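Taken verbatim from TrEMBL:
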COMPBIAS  66-75  compositional bias 'Low complexity'
COMPBIAS  76-97  compositional bias 'Basic residues'
DOMAIN    4-62  domain 'Tudor'
REGION    53-109  region 'Disordered'
TRANSMEM  212-231  transmembrane segment
TRANSMEM  251-273  transmembrane segment
TRANSMEM  294-313  transmembrane segment
TRANSMEM  325-344  transmembrane segment
TRANSMEM  455-475  transmembrane segment
TRANSMEM  481-500  transmembrane segment
TRANSMEM  521-542  transmembrane segment
TRANSMEM  562-581  transmembrane segment
Amino acid sequence: MPSRKFADGEVVMGRWPGSVLYYEVQVTSYDDVAHLYTVKYKDGTELALKESDIRSQSSFKHRKSQSSSNSPSRRSSSRSRSRSRSPGRPAKGRRRSASQSREHKDDKKKIIQETSLALVVLVLFKPSENNTKRYNGESESTEKNDTSCIILEQKLKPDLEIKRVLEQYSLRSRKDDKKTEEIFSEKKTFVAVKPIEKVPSKTKELEFGGRIGTFMLIFLLPATVFYLLLMCKQDDPSLLNFPPLPTLESLWEWRVFGVFLLWFFLQAVFYLLPIGKVVEGLPLSNGRKLQYRINGFYAFILTAAAIGVLLHFQFELHYLYDHFMQFAVSAAAFSLALSIYLYVRSLKAPEEDLAPGGNSGYFIYDFFTGHELNPRIGSFDLKYFCELRPGLIGWVVINLAMLLAEMKIHNLSMPSLSMILVNSFQLLYVVDALWNEEAILTTMDITHDGFGFMLAFGDLVWVPFVYSLQAFYLVGHPTTVTWPVAAAITVLNCLGYYIFRSANSQKNNFRRNPADPKLANLKFIPTATGKGLLVTGWWGFVRHPNYLGDIIMALAWSLPCGFNHILPYFYVIYFICLLVHREARDEHHCKQKYGLAWERYCQRVPYRIFPYIY
C-alpha cells in the first residue's frame, strides 16, 4: 500500500483537469482504493485528482534570474549596437568557443520553444470559460480587449525576435531544422488536443434517508397509491374511516395486465416512428451528447386518434374506472420488473455511464435511485421514453375515462363543471409538456438521476394514478361549482401556468444559447463551469419560479373538488413537499457545482420558492 504524500487540510497546488494551469487547493480526503485526492478549490469546486497532478506550494516559488543580460532591454541594446556587423560573426574581442556558441543557441532555442508553448496555452485557454475570473465566480468584463494578453505579448516580443533571427541565419542543416520543427509541432498538437479526464467517483452523500429510507420507500410508495385509491371508493373518504382491505384475487386480473402491456408497447411504437426532429442532450461527463427524437406531441395526436376510433366502435372506456385498482397493481408490478431489469443491466455498464447520484455501491440505494444514467436498447432511451409517454399520456386517458364514467353513473347528458375544469387544466398541462418536450432534457431527472425504481414507479404508477386523483374523486363524490367560482379558479390556474411556462422558457432558452439576441436583456452571474446564473426575469424574483407556478396550478386542480374532504388536496400537499425536497437537492448540488458564484446568487435572490415567505 503506497503511502500518501499530502495530508488532509494541507494547502497545495492542483492542476485543473485538461490544462497546464495550477490553482491553490486544499486536500479534503484521500481514497485508499483509487489512490485519488479529493481537493477543494477556492470557489468551492471539489474534484478528484491524481497525486501526479498535485504539487507543493514551494515548487511554485519564483526564481531570481542569474544574469541581468536576459532582460529584454539589454538584449535589445546589444542588438542595436552590432547591427552593422554580420550576424554570423561575433564582435571584436568577444569571440566565443564553439561549445559556448552552441550552448547559447540551445538556450535561445529553449526560450523560443517555451515562448511558442506559452502562446499555444494562451490561445487554448483565453477563449475558454474556465479562466481565473470565472473560476473564482467574479463578474466577467464586458470589454472585448484583454490587457493581460497585450502585456504578455509585449513580454514575449523580444523572444519572438530572437526566433526570427535564428530562423533566418541558422547554421544547422535544413534536415535537422525540419526534424526539430516536426517534434515541436507534435508537442503543440499534443497540448492542443489533450482531452479532459474526469475520474468517476462513488456517491458519497446519500439522499432519501440513505439505505434505510430508500428500503422503506420501496414499500411505502405502492402502499400510498393503493390507500388513496381505496379511500376514493369510500362513501365517506375521511382520514379516520380506514377502508377495508380487498382480497388478493380482486387485485389481479391477467386481462387487465395484458391491456396495460398493450398500452405500453403501443406508446413504444409511436416513440420509434421516424417523425419529429432529432436533438442533442446536454454533454455527459465524458463530453458525449446523446440524441433524442422529439415526437411526444405526435404520439399524443396518434393516441387521441386511436381513442376516437375505439369510442366510435362503442368501446366502453369507463372499463378503466371499473378496474382502476387492478390497473394500478398491474402498473406497479411492471415497474418493479422493469426496475430489476435496469439494475441487472447496469452492473455491466461502463463506469462513465453510471448516474452521479446512484453509484454508492449499496444495492438497495442504487436500485431505488437508479444505477445507470441513460439506459438504452440501441437508440431506444428507456428513461426518456417513460418520462413523458406511457404515464403522462395515460393520465389524460384516465381523466377522460373518469369523465365518461361520471356521465354514465349519474345519468348526465354532459359532464359536471367541476369535472370539465379538472380535465381541462390537466389536459393543458400535459399538452404543454409534450409540446415543449425538448425542455425536459435539461431537468434533473435526465441529467443527474439514474433510471431505477424511483423514476420507473413514479412515471408508470404515481403520475397516472395519483395525479388523476381529483377526477377519480369526483366520480363518486360530485361537487357543484358556480360559474363565478369556476372563473376565479380558471384565472388562478392561468396565473400559475404563465409563471411556470415563462420561467421554464427563460431557463431553457438561456441554457441552449446564452448568446441569443432575444436574451440580451437578461443579466447573469458567470460561474467556473462556464454556465451563467440568471438574476433577472422570473429567476431574479425567486430561485425556483417554475416550482411556484407548479404549486399554484396544483391548487387550482384541487379547488373544483370542494372542501368536504382533504383527500383531493393530497396532490397539493404532496407536491409542496416534493418540490421543497427537490429544491433542497438543487441547492446542495448547485452549491457544490458553482461554489462562490452560487453564494453570490443566493445573496442576490434570497427567496427559494415563495416570495417573502420561503
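Glycine too: its Cβ is placed from the backbone N, Cα and C atoms.
Predicted automatically and left uncurated, TrEMBL annotations should be read as such.
The transmembrane segment (325-344) shares the most Cβ pairs under 8 Å with 212-231, out of the stretches 212-231, 294-313, 481-500, 521-542. The stretches the transmembrane segment (251-273) and the transmembrane segment (294-313) meet in space: the count of Cβ pairs below 8 angstroms, excluding pairs fewer than 6 apart in sequence, reaches at least three. For the domain 'Tudor' (4-62), the model's average pLDDT works out to 81.
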